[in-house]
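If you check Swiss-Prot, you get these features:
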REPEAT    53-96  repeat 'ARM 1'
BINDING   Trp99, Arg106, 145-153, 186-189  NAD(+) 1 binding site
REPEAT    151-189  repeat 'ARM 3'
REPEAT    192-231  repeat 'ARM 4'
REPEAT    311-350  repeat 'ARM 7'
REPEAT    355-398  repeat 'ARM 8'
DOMAIN    408-472  domain 'SAM 1'
DOMAIN    478-537  domain 'SAM 2'
DOMAIN    552-695  domain 'TIR'
BINDING   Arg561, Arg562, Glu591  NAD(+) 2 binding site
ACT_SITE  Glu634  active site
Amino acid sequence: MFLSLVVYLSKICRYLSMFSSDRLTVPEYVSSRLHNRRTAPDPRAVSPGISTDVQAVLDGSLPALRSAIRTLRSSKDTGDLEETRRAIAETFQLVEEAWVLPTVGRRVAEEICNRIRLDGGLELLLQLMQTPAVEITYESAKLLEQILVSENRDYVARMGLGVILNLTREQEDAQLARSVSGILEHMFKHTEETSAQLITNGALDTILYWCRGTDPTVLRHCAVALSNCAMYGGHRCQRLMIEKQAAEWLFPLAFSKEDELIRFHACLAVAVLAANREMEKEVVKSGTLELVEPFIASLDPDEFARNMLDSADSMQGRTAADLQHLLPLLDGTRLEGKCIAAFYLCVETSIKSRQRNTKIFQEIGAVQSLKRIVMYSSNATVCSLAKRALKMMSEEVPRRILSSVPNWKSGEVQTWLQQIGFSAFSERFQELQVDGDLLLNITEQDLIQDLGMTSGLTRKRFLRDLRVLKTYANYSTCDPNNLADWLADADPRFRQYTYGLVQSGVDRNNIVHITDQQLLTDCHVENGIHRAKILSAARRPSKPCLTDSQPKGPDVFISYRRTTGSQLASLLKVHLQLRGFSVFIDVEKLEAGRFEEKLITSVQRARNFILVLSANALDKCMGDVAMKDWVHKEIVTALNGKKNIVPVTDNFVWPDPTSLPEDMSTILKFNGIKWSHEYQEATIEKILRFLEGCPSQEKPDGAKTDKKEPQKK
């Protein structure tokens, strides 16, 4: 009893510290009213399911909350706009303070958000969002964004979806966009049906329209909304996203250099879309997917977690239900999905360890998936992230398994058995000298009769792990024609059949003549559907060989300065790509190689050359006699190749011609197009005329006029 009293008093002390000078800054009239209302309440019994420390905070907050909602109701009835704004501000302050509380923040905030609904506050907010007074609409939407916990999302989906959809039509209202994009971010987590309803009524169109903008708050909400739609919306919503070119519009977000959280959620969204085999090729074609791995490899999970802890939206981390949606990426076949899911789990482990809640990862099954990656994956980035996550979870990190399974001796088989949890059978496997060859040919009958694996479920577990091993194994020593990759191209799961086919004498040349019966009896492909798909793939016409003729070059090469021109360059890429142009834009990649040669070759092979002239874009070219600057090299290559050069300016001041090296000074004679963020479609139409019509350098007089504009400003 004494111990309980001590614990309770310590929680009260922690609660009182909330009201120190470190509290969030709010309008003075709100602070004074809150101070008057927050008198210490009498001790009350703890509500069922709520811990004492959570109840202690609620006892101080709920009276003020009830008072604010009463004020909100009365001021709405009387039409007192100033009093309405005060009540909304008080409620917002209580909610925001709850979300940033350490340890108990999520539980306190959820109780407060639910209480707002139960006391009628949510209904009032939906009504206020329809009033003619725009300031009330703005502030009501801002508060609604903060209180959309699970039960409140249910209410809005049933009673207020029309209100939200009406607000999404106000695409040009920048202040409203900040809140409505946040509301959509939450609502795309609700159900597949709600997401589909939002998409079919224009909400996704609005999100994609806002992806063109520059407001970091709106862009962050858009990135998270798209990742939520992809993760929680199911196959139907993923198909709708592809039809509306969401994969393409994710490119500017993933390419952004301004905000890592924007890039991260954009990469997560495109990785989830690519995990759907039905639309994988369309996602790959967008070009966004190749941004994922280099970006993730450049991040530090601990630093990223600290940034999330600084954000009120993310500081509590994700729930178990949210994290479970990462498992299909971890267990999938796309490297990008594994990479971003492993990184996300590292970040969440860092947050959950502060909350002393790392057991959540064992409960959702993430630990086994991470161990499988460590054992089998050959990608250094994914492997290191999986190891790091396991260490932070205080889990055992398994050893990397040698990939040349056909060449395994019995010792390697023993190691593998121990790491997958079948050490009880190690002795029997050792007695029978089971090596890699025998392991790859093992059948369920062998497990029962020779290896003593009598339990049916145990055999299923073993065969499941064996399928994973067969899928990851390297067959190069026995598969000279690379049948393994051909099977994986038909379906990544079919790689497990490689050894059986190769041992039976099948290769890429004669597979077209194989029958269903031969696949079953000789190659041991027992799944009839798999046999049908393999035979169908074998009878498809082979792809034309391009070794003799070089593939066609891109329609457009986009040259830009990374520090200031990334966003405009990425927008141009998407606009042109959606209009049927093939576009090359330099993307930072991990693989080594002759980078300079590849880049110059791309300029030479392109028909058009768009030069993005953002702020200070040519500064590094000045005095660059040795041509070490990349933009300088690209411009000179385009000039020498007589490309159709189209400069696009954005906050750019044309330099003195004498300040540029002589080999690129003629670039100043080209007619440039001034970019307009507000009228992007009109600007793109002008660029299209330049690309499809005569070269821009034929109009030097127009160029001189255009170049004077920024200086006049």
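From the backbone N, Cα and C atoms, a Cβ is placed for every residue, glycine too.
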Cβ-Cβ under 8 Å from Glu151 (NAD(+) 1 binding site), same chain, 6 or more residues apart: which ones? Cys113, Asn114, Arg117
C-alpha spacing of Arg561 (NAD(+) 2 binding site) relative to the residue listed as 'active site', in angstrom: 11
Please give me the CB contact count at 10 A for Lys189 (NAD(+) 1 binding site), counting all chains in the structure. 22
Go ahead and report the DSSP secondary structure tallies for the repeat 'ARM 7' (311-350): helix first, then strand, then coil. 25 helix, 0 strand, 15 coil
Using a 10 angstroms cut-off on Cβ to Cβ distances, just flag whichever of Ile147, Val149, Met187 is the loneliest among these binding-site residues. Val149
By the 10 Å Cβ-neighbour count, the most surrounded of the binding-site residues Arg153, Arg561, Arg562 is Arg561
Mind looking up the mean pLDDT for the domain 'TIR' (552-695) in the predicted model? 87
Between Trp99 (NAD(+) 1 binding site) and Arg562 (NAD(+) 2 binding site), how far is it from one CA atom to the other, in Å? 36
Sequence-ordered list of residues in the chain of Glu145 (NAD(+) 1 binding site) that lie 6 or more positions away and have a Cβ within less than 8 Å of its Cβ, or none, is Ser179, Gly182, Ile183, His186
